[in-house]
Amino acid sequence: MALNTGWSGSPALKKRFIIASLAALAVFVFLFLRLWYLQIIQADIYQALSEKNRTRYIPIAAPRGPIVDRDGHMLVDNRPAFRITALRQEVEEPEKMLTRLAELLALDLEILQERWAAGRRFPRYRPVPLADDVSRQALERVMEHSYELPGILTEVRPVRFYPHGESAAHLFGYLGEITEEELRAAPYQAYHPGDFVGKNGLERGIEQYLTGIPGERRVEVDVKGKKLRILKTQEPVPGNRVTLTINRDLQLATEEAFGDQAGAAVALDINTGEVLAMVSTPCYDPSLFARGITGKEWVELLHNPLDPLQNRALKGQYPPGSIFKIVTALAALESGKATARTKVDCQGALTVGNRSFRCWKKGGHGVTDLKKALKESCDVWFYEVSQQVGIDRIADMARRLGLGEPTGLGLAGERQGLIPDQQWKQQKFNDRWYRGETLIASIGQGYILTTPLQLATMMATVANGGTVLRPYLVKHIEDMAGETQQQTQPQIVRKAHLNKSQLDALRRGLEAVVNEPHGTAWMSRIKELPYAGKTGTSQVVHQRKRREKDAEIPYRLRDHALFSAYAPAANPQIAVAVVVEHGSHGSSAAAPIAKAMFDSYFKLQSPTESGAAEEN
Amino acid sequence: MFDRRLITHFDWPLLLLIVLTALIGIANLYSATSSWSTLATPVYIKQTYWLSGGILLAAIVSFIDYRHLQHLGYIFYGLTLLLLAAVLLVGKTSMGATRWLDLGFFNLQPSEIMKIVIIIALACYFARQDTLAGYSFEDLWIPFLLLGIPAFLIMKQPDLGTALIVLFIGFTMSLFAGIRKGTLTVLAILAAGGAGGGWFLLHDYQKQRILTFLSPERDPLGSGYHIIQSKIAVGSGGFFGKGFMKGTQSQLSFLPERHTDFAFSVFAEEWGFCGSLLLLGLYLLIIIWGIYVARSAADLFGTFLAFGVSAMLFWHIVINLGMVIGLLPVVGVPLPLFSYGGTSMITTMLGTGLLLNVSMRRFTF
């Protein structure tokens, strides 16, 4: 039954077998070459890809550097805080999970939903932060119900801790989650979504020193991103330790002296420009930001009429009032239009043209020289001499003393104040300068605006003999190994080129303000520490009725109280400026705060106390 | 009357090659699925059952003289066509495709049977013709019709992979039977045109697969994911491989379908280029051995039968390997003896039975 057997042995068929075998061989050689290409030639590339597949880098947050005062007292530290996060790829029913979590944490569901939605920016394997700084009890509740919450993770993160509560919060600023715009900006190249960065104050100003280097944990994961084992851990490097120029005790004493009044105070070392204290009240609680401020809390802070977010020490601009008489006096002496002996008979007002310019003392001061004019803050003496001197010389002196420009402290948002002159008025209002305006300017009213920081700088310049120093907050920065990363040296902005005898004449007047009867700050004198200063009252409402008592005026319309001083008078070390918003009188509201500051500052250094400490 | 020569001429080396490859495949399945937490019987145990059953089936098939099939070829063909038609009418649908007939105890996949039946039917046709000069269009319309009907029905299921295998088997057998040069040229032109026209007959997901193959990065998390992960697995194996059960791509589940279509990727990752080469060698040896069986067959029917089975194995191997190393689109063709699955194992062992059958009867005339 053989079929076509003769065919099978034919040469044609033999040829086809050979062709078929060779074709099969050729195809296999092709497969072989492809394997050679993948497994030998490109092995490295694919090995790298397979490593990338199986490993995840989980960042470990680096603690930010601590901030201490000049003596090493802790001002800003870190504490561990629990954070609840969720792995997106493991959460199957987000709504259900968020609802349950909101119940367990007693949190607003909307907040959780918002944060969950924000997590879409993250890579899928990166946990989405849902709740920060949850209490241990809340954390335990969540852990107990973890079976209902697949994909929920907890981590411990360092967060900012403030041992002195609200104290100096404006200086430190606060942290917040990095924004999209910041992520695109050059200084934040190494940051990731969800990172915390300094938003203002020092936290922002010296961010690059405070932020450490995050560590990372290399873990092996499966395709679902489930952690299988830790391959390697790179510990984070904490941020640098920052030593401020601030004196903690002085800072706290100043804040205490303010009580619940609004305002600002600055204390400077007159020889270096170091900021010894910088107070702005009211303040906010920086720990709100550390744990993640809620929308409601933020809105409350924003809309608080007392504006607690504003650092008044460098952003508040106030007419300096009679403190400005220092400038007018120096300008007058330098121009030769007046001397210390120049006498003016104050009858309670001076008439220029058809307008009468009143002295604060209705009955007048009688015959007044420079010292008396400063001591009792006679307005008429300054009205009189300012007419001779002219606004431009006064403005020039003000600028030489550091007014009308930012001091260069280095914190964002510092305001420059305003020192008007003829040119300025022409440009601003297209109008000429009137003589009467010189009079008003001479006693620090009118257009003139200064910040408390500028006033302190001016006073320090007067105290140190005419050197304008740039105030600074950061004394030095060192890494965790103790290596110095940055050391700030005193920096001279300019020499004011003041004549020594003229300066002495001015200083005698300033000493009399505090230390002689009838001096406007006589009530705030310190017996064992003669110091020098100048009170000021800046009018909030110009048309105020004279007879009205302070208590009868609404708070918002009361005058600001100012005082600037340096101590000790004979051998100055520290200069202060105090502004009490709506405090009415420099003598009664601002000077006592300066007195409290000196009390605190010099008590620390008094020989009796340190001697007693040594004996113990 | 039992011929004792059947025992003495039994093709032990072929059976050994087949069993050896299947055992390597089972070891590979053990590794590929070791991370699975299963309460059911592990995959590699099941595959062992299928292999045992398959060997038994091959033995049974090999001992029934293949020449009886020459009278039954068209009947089998007709019955299988009916089954394919039945699939489209009352078939069981799973994952968007209707490929199975629910027989209660067993899900029958008629398209798999068709792979073997088309070999028998075409062998019947070509063995009866005496065309030393080669076939012309007049001769070829019958085999093409024989091929076209089942391919169309399988395509409708849809099962592009199996339809292609059936077509490839048929074309390979036709080429081997001999086609006149002029006819071949016209056919080549028609095939090229048909490929273009066929594009419009493809389902969207099939088009997607082809586009993705051409550029896997189009859709790295979707349909391109398979190709990318498979290439990573194969490539990262390097020269010596990562070691048995140490392939991260497979053990950590980055590789999808790693116990079925992508079983070779697991092997290539863990055994590297050395292992891949060995396995490729084994497969090539099986194919060449099949062609040798065809060549030494006692009759033309046996020749075509053995050649058809070799072609079937060849295309399965080449398409699957081509697919997992990124040379061909992902079409869901299993690797014989390596991919997990009863159907594939049974089809392969049926083919093996036919090869053994032809091989042991080469001296019976």
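Residue positions begin at 1 at the first shown residue.
Glycine too: its Cβ is placed from the backbone N, Cα and C atoms.
Taken from TrEMBL, the feature transmembrane segment applies to B:12-29, B:49-66, B:73-91, B:111-128, B:140-155, B:161-179, B:184-202, B:270-292, B:304-331, B:337-358.
Tallying C-beta pairs under 8 angstroms between the transmembrane segment (B:49-66) and each of B:12-29, B:161-179, B:337-358 places B:337-358 first.
Long-range neighbours of the transmembrane segment (B:73-91) within the same chain, counting only residues 6 or more positions beyond its ends whose Cβ lies under 8 Å from a Cβ of the stretch, are 98-101, 108, 110-111, 113-114, 117-118, 120-121, 123-124, 146, 149-150, 153-154, 156-157.
Contact between the transmembrane segment (B:161-179) and the transmembrane segment (B:270-292) is not supported: fewer than 3 Cβ pairs lie under 8 Å, counting only residues 6 or more apart in sequence. Within the chain, the transmembrane segment (B:337-358) has long-range Cβ neighbours (under 8 A, six or more residues past its boundaries) at 10-11, 14-15, 18, 21-22, 24-25, 28-29, 43, 46-47, 50-51, 53-55, 57-66, 109, 112-113, 115-116, 119, 259-261, 263-264, 267, 289-290, 293-294, 297-298, 302-303, 305-306, 309-310, 312-313, 316, 320. Counting same-chain residues at least six beyond the ends of the transmembrane segment (B:270-292), those with a Cβ under 8 angstroms from any Cβ of the stretch are 13-14, 17-18, 20-21, 24, 28, 31, 234, 237-247, 250, 264, 306-307, 309-310, 313-314, 317, 321, 355.
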